[in-house]
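What follows is a single structure, written as structure tokens, with notes after it.
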Amino acid sequence: MTQKDKVLAVIIAQGNNAFEIEEDRQEFLGLAKACEMEVEAEASFKLKSPNAVTYFGDGNVQMVANVVQDSDYDAVIINVGLTGNQIKNLQERFKCTVLDKNMVLLQIFSKRAQSAESKARVEIANLNYMMSRMVGSYDDLGRQSGRGSGKNRGLGETKLELDRRHVRKRINLLKKKIEQFEKQRETQRSRRVNNTDLKVALVGYTNVGKSSLMNVLLSNDTKNVLEQDMVFASLDTTSRQIYNGDSSFILHDTVGYIENLPKALYPAFQSTRDEIMDADLILHVIDRSHPFYERQEQVIEDYLKSMQVEDVPVWKVYNKIDRLDEIFMSTPTVHFISTKDHQGIESLKACIHEFSNRSFH
């Protein structure tokens, strides 16, 4: 796909909570934007339960097909995860490329990966996803070649197994590379054990301002990290030494998370999970101006619970308060800040400094 492609977004609403339905819609369109897709129109409808063939019913499939043909769309993106056969069936009906939510996310991750490790992890995710969706096309190959003959019907299976073997070989090679990266990271962590500096991890939903907070805390502009107003702007964990008077601490900017992340993408978050689990203090950054911030906050709380880091203190850091006409009062473990006009930053730094003194001195 290219930026010039005409894209139709299909928004399938499941459930009756209008608030959550709109949140899902906005988030999916944000993913499309991050994937550099120009969505020209939307088609939306409610669905009680999916079917195995095309996920949504024949009437809605035909409605979308008519829209695609009338306006000559190049691609249809759908805000749910689909099976390989469902994608294949929909492409046959729509006569264009069909991408589900998982494929959109994989494209974003492929575009954003910068380091050798993140590129290797994203490639594994793509290969695993591709391998799980090979069956449909190979079934067709067997039918076309075999025409009912048992002898030829195995051609599709043979081609499938050969390609799967090739993919598995590539995955194993990439895993060996990742093992080397993990050994290097473990060596670095071992060195940090002897370092008395506090280790602080920034955690949060994607695009809440974690990298902006790191840049505000940095005193040396040449060490600034990438910050962009889009989801998954970076897929690499970044570490910086933050100086505060006569003391310092190590700050880790981790990869932002998202609700219902496909399992295929879990490996891309391994280095982030390692840094979070190794932290002495976790700063949970939340975009307080976001209309659905409470749901995003809960997603990250569940994410942290899955890592079993109950022994690590977690402070809430509500960002972007400059966008709100409210008065907020911070406490030592709950902070209200703005990385834009630096509200609350000095108070946050002072609390981290005090925490470091209590914990390490």
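Here the Cβ of each residue, glycine as well, is placed from N, Cα and C on the backbone.
Among the features that TrEMBL reports, coiled coil is placed at 164-191.
According to TrEMBL, the domain 'Hflx-type G' annotation covers 198-299.
As annotated by TrEMBL, GTP binding site applies to 204-211, 232-236, 253-256, 319-322, 338-340. Within 10 Å of the Cβ of LYS210 (GTP binding site) there are 31 other Cβ atoms, across all protein chains.
Marked as Mg(2+) binding site by TrEMBL: SER211. In the three-state DSSP reading, SER211 (Mg(2+) binding site) counts as helix.
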Secondary structure at VAL255 (GTP binding site), reduced by DSSP to three states: coil
Residues satisfying Cβ distance under 8 Å from LYS320 (GTP binding site), sequence separation of at least 6: GLY209, ASP287, ARG288, SER289, HIS290, SER338, THR339, LYS340
Number of helical, extended and coil residues in the domain 'Hflx-type G' (198-299), per DSSP: 33 helix, 30 strand, 39 coil
Rounded Cα-Cα span from SER211 (Mg(2+) binding site) to VAL255 (GTP binding site), Å: 10
Local backbone state of LYS320 (GTP binding site), from DSSP in three classes: coil
Cβ neighbour count within 10 Å of SER338 (GTP binding site): 21
Distance, SER211 (Mg(2+) binding site) to GLY204 (GTP binding site) (CA atoms, angstrom): 11
